[in-house]
Amino acid sequence: NLFQFTKMINGKLGAFAVLNYISTGCYCGWGGQGTPKDATDRCCFVHDCCYGRVKGCNPKLAIYSYSFQKGNIVCGKNNGCLRDICECDRVAANCFHQNKNTYNRNYRFLSSSRCRQTSEQC
């Protein structure tokens, strides 16, 4: 769920790091359209696509099991859609971490008018 995803992001990037990803680029935050602006925005695009493939539960609300082991996010013994949601969130949190050095503050709170290009397909 979104609370667990927040904890994953903060666990990988530090306390309150999630605040940098709430409204960044064209895809980080609610909804999304256009072309991802940078690697961070691409992480969000891929995460949105991943959630779109989940069947059988609501990715934003369903509670799954996971833990941090030696700094790595490990999804627990979840079944079906819970496993899929955990994997979506784990991959995105790792993606943010891998691209933290290219995070661009200029894309925070980006106007939707800058995201009007034809949206990419998942």
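These residue numbers are counts, starting from 1, taken along the chain as shown.
Cβ coordinates come from backbone N, Cα and C, glycine included.
Residues Y27, G29, G31 are recorded by Swiss-Prot as Ca(2+) binders, and the candidate that the same record lists for that site, out of D38, D48, is D48.
For C44, the cysteine that Swiss-Prot lists as its disulphide partner among C26, C28, C75, C81 is C28. Noted from Swiss-Prot: C75 is disulfide-bonded to C86, selected from C81, C86.
If you take the CA of Y27 (Ca(2+) binding site) and look 10 A around it, the disulfide-bonded residues you hit from C43, C50, C75, C86, C115 are C43, C115. Taking CA atoms as the reference points, C57 (disulfide bond) and C95 (disulfide bond) are 24 Å apart. C43 (disulfide bond) sits 10 Å from D89 (active site), taking the Cα positions as reference. The recorded positions shown are C28, D48, C115; of these, the one with its CA atom nearest the CA of C88 (disulfide bond) is D48.
Checking each of the recorded positions G29, G31, H47, D48 against C86 (disulfide bond) by C-alpha distance, the shortest gap belongs to H47.
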